[in-house]
Amino acid sequence: MESEQLFHRGYYRNSYNSITSASSDEELLDGAGVIMDFQTSEDDNLLDGDTVVGTHYTMTNGGSINSSTHLLDLLDEPIPGVGTYDDFHTIDWVREKCKDRERHRRINSKKKESAWEMTKSLYDAWSGWLVVTLTGLASGALAGLIDIAADWMTDLKEGICLSALWYNHEQCCWGSNETTFEERDKCPQWKTWAELIIGQAEGPGSYIMNYIMYIFWALSFAFLAVSLVKVFAPYACGSGIPEIKTILSGFIIRGYLGKWTLMIKTITLVLAVASGLSLGKEGPLVHVACCCGNIFSYLFPKYSTNEAKKREVLSAASAAGVSVAFGAPIGGVLFSLEEVSYYFPLKTLWRSFFAALVAAFVLRSINPFGNSRLVLFYVEYHTPWYLFELFPFILLGVFGGLWGAFFIRANIAWCRRRKSTKFGKFPVLEVIIVAAITAVIAFPNPYTRLNTSELIKELFTDCGPLESSSLCDYRNDMNASKIVDDIPDRPAGIGVYSAIWQLCLALIFKIIMTVFTFGIKVPSGLFIPSMAIGAIAGRIVGIAVEQLAYYHHDWFIFREWCEVGADCITPGLYAMVGAAACLGGVTRMTVSLVVIVFELTGGLEYIVPLMAAVMTSKWVGDAFGREGIYEAHIRLNGYPFLDAKEEFTHTTLAADVMRPRRNDPPLAVLTQDNMTVDDIENMINETSYNGFPVIMSKESQRLVGFALRRDLTIAIESARKKQEGIVGSSRVCFAQHTPSLPAESPRPLKLRSILDMSPFTVTDHTPMEIVVDIFRKLGLRQCLVTHNGIVLGIITKKNILEHLEQLKQHVEPLAPPWHYNKKRYPPSYGPDGKPRPRFNNVQLNPIDEEREETEEEVHLLNSTTL
């Protein structure tokens, strides 16, 4: 048959029946192990797929962007399954929005018919607020549970409360009358493991026993966490934010936001934090909140049947996750807007704010830390900052940018090595090794032995009369002539200098271990480790500036503000600024990060230092690379994500990116009413592409629409089961009216309902800057390329990502080459004025007179780097 000759590619990628079996939500695949390499053809099924490509060109009159307001010609009885998506495919945002508009119009047209219809209309209108309310309630409750359990299990490594086993160390000593001010963490009710096992509270034997038990519990928690992840929910590992960003951009990853992932991630997050690994729970809490939003969205048909609407719920859930992670509802909304969301309409902003409010209220009601705050390291400063302090704040910003650039490159290099070597095949062994090294090194240093959130709290806290930390071991200067503040600047004592050395060792330890910890197969967040590194560096700088101002208060930069006995330097403020700078250097967040840290401290007057440090951190980090850590991991895993922040500055055209290329297989098309069911099934079996242009006939070559592979498969299967007379020789009709057929012909199959009547088209001379902008803002899966009505090829999201990756690896010339605006395609008519020979709308070989010039042009095109 002619159609078999046209569409045969010489190999079979997928059988026809295998296309109908989509992956269920219960399939648990390892997301970090799914690498979508754009250089190989094996990933065509993972991404949104190419249409068949080649060097020949079809004649169509394609629909433009404004060609139709109705994307689908919907039937009264739609075919079940049509309009859904396979796993690892990209959704069609335009089609989803059109479906939602049709649903909304249908509800509005019926709501005046009866009271029941009016009730259904109100339920539909309020379902958005209901789903974000449920998401906020669940996120706040799970966050409180995780905080309480993580604190208890962290203290379990050191000892146990005999009076109440469910109390952590602090809660155990609350009601004790034997606790002293100097040793407020010691009470008879709390017993260390050395006291319980060997009966010694002090001495070398006690230290060694506590050391051994600390390592034992750390390894036990880490092993249990990685085992649960590997066996039950491989998607529960990692931070989750790179995948959340990809899902919100329209990608389908089945099971990533399912109930098993939610349950296992909640449990293993507690175990991972308690194991003492250099990780945090703030990033994974965003994943947990999005799991809640995804699960609750299935309770409402408005969101369960529309992937675009479901992503509005996920954006609100992301805001709720950050809200409970940092106790920053406004910062959570801005985080969702700035960092993770791809499509963020105004109503999503309101619902995100409400979800963050509900989640913060629930967490505040639970009060997991017992301090009436949403986070453990909430602080308040009462000393203002001075103008000369902007210089050390900017230096901290420089340090944060350098740390971010170093961490991104080192962590990506290690993760790439993990994927490419045998070491990545043993995730349990890797977690055990990292946990063992962390525990062995962390225990001797009191600042690394602390829970990371406790460490940040101690570094943020300003020294007051009730503080007994070694960081507040200052000598009282009795010769001060003027007392301006209750706690004036004082010379550092032995405890402060000892703490500085321990903090320097802790800084080196945190930097190294965080590089190797982020990306292992347990839930691991990056916010808290980055903030801890910045807080350590900031506290060291703060103490140095404080001592410099004390001993050299007569210098011109200190003379005006730092009198003798005045409290002009707050080291805790430097720790806070350093934490924000380091987190900004890693994630490249700006506005949302400043607001989050502002909500942590509750002080408006410290916004300027935070803004200065965060912007400096971003500028320094961007000098080494514009990608944040999440974008880098998205690119490492090969997810089809078009970053809206990335600028396209290259002078390429749509013709440079489209498929087919020269010497590629031809562009596959369907005719409106000339193909049979067998023809279409053969095309589906012999190709692996996700869609086919539909033309009127071989003669007219006019474009009718675009049919998706999955919709064709489901529609044919459904017709064979439910309609009598549909056989392999049945004529497939995409037209509005069925053509006249002989009386003995089998019953035709009408598939106009699955046809996209207005496929997006651009000309071959459209700049790629515009094409990329269209794909980003409209969320397209594919776009047809035409030249004077001739369909030259197709551009998919995958093609654009391939093109962007190639441009990053090559340097584009300053001026376009000579062939940039040269006509690249042979004319439709030969020199004799007659049409060129065509075969099923595909142009055959060029005429002999142009063969030599065409070959020369191809040689120059291949030898020129664009």
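Each Cβ is built from the backbone N, Cα and C atoms, and glycine gets one as well.
TrEMBL annotations:
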| type | residues | note |
| --- | --- | --- |
| COMPBIAS | 847-856 | compositional bias 'Acidic residues' |
| DOMAIN | 658-722 | domain 'CBS' |
| DOMAIN | 755-814 | domain 'CBS' |
| REGION | 818-866 | region 'Disordered' |
| TRANSMEM | 126-150 | transmembrane segment |
| TRANSMEM | 214-236 | transmembrane segment |
| TRANSMEM | 256-277 | transmembrane segment |
| TRANSMEM | 284-301 | transmembrane segment |
| TRANSMEM | 313-337 | transmembrane segment |
| TRANSMEM | 386-408 | transmembrane segment |
| TRANSMEM | 428-447 | transmembrane segment |
| TRANSMEM | 499-520 | transmembrane segment |
| TRANSMEM | 532-553 | transmembrane segment |
| TRANSMEM | 573-598 | transmembrane segment |
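A contact links the transmembrane segment (256-277) to the transmembrane segment (126-150), because at least 3 Cβ pairs that are 6 or more residues apart lie under 8 A. Contact between the transmembrane segment (126-150) and the transmembrane segment (313-337) is present: at least three CB pairs lie under 8 Å, with pairs separated by 6 or more positions in sequence.
Beyond the ends of the transmembrane segment (573-598), by six or more residues, the same chain brings 322, 326, 328, 330-332, 334-335, 337-339, 379, 381, 383, 385, 392-393, 396-397, 399-405, 407-408, 456, 459-460, 462, 526-527, 530-539, 541-542, 545, 604, 606-607, 609-611, 613-618, 620-622, 626-630 to within a C-beta distance below 8 angstroms of the stretch. The stretch in closest packing with the transmembrane segment (386-408), judged by the count of Cβ pairs under 8 Å and taken from 214-236, 313-337, 428-447, 532-553, is 532-553. Long-range neighbours of the transmembrane segment (499-520) within the same chain, counting only residues 6 or more positions beyond its ends whose Cβ lies under 8 Å from a Cβ of the stretch, are 32, 226, 237-239, 277-279, 403, 407, 410-411, 414-415, 418, 427, 430-431, 434, 437-438, 441-442, 445-448, 455, 469-471, 473, 526, 529-530, 532-533, 536-537, 539-540, 543, 629, 633. Non-local neighbours of the transmembrane segment (428-447) in the same chain are 211, 214-215, 218-219, 221-223, 225-227, 230, 275-278, 418, 455, 458, 499, 502-503, 505-506, 509, 513, 516-517, 520-522, 536; each lies 6+ residues outside the stretch with a CB under 8 Å from one of its CB atoms. Remote same-chain residues near the transmembrane segment (532-553) are listed as 389, 392, 395-396, 399-400, 403, 447, 452, 455-456, 459-460, 471, 489-492, 496, 500, 503-504, 506-507, 510-511, 514, 559, 562-564, 568-583 (criterion: CB distance under 8 Å, separation of at least six residues from the stretch ends). If one looks beyond the transmembrane segment (313-337) by at least 6 residues along the same chain, the residues whose Cβ comes under 8 Å of a Cβ in the stretch are 128, 131-132, 135-136, 139-140, 143-144, 244, 247-248, 257, 281-283, 285-290, 292-294, 296-297, 303, 343-344, 348-349, 351-360, 362-363, 373-375, 378, 527, 589, 591-593, 595-596, 598-600. Under DSSP, the residues of the domain 'CBS' (658-722) split into helix, strand and coil as follows: 24 helix, 16 strand, 25 coil.
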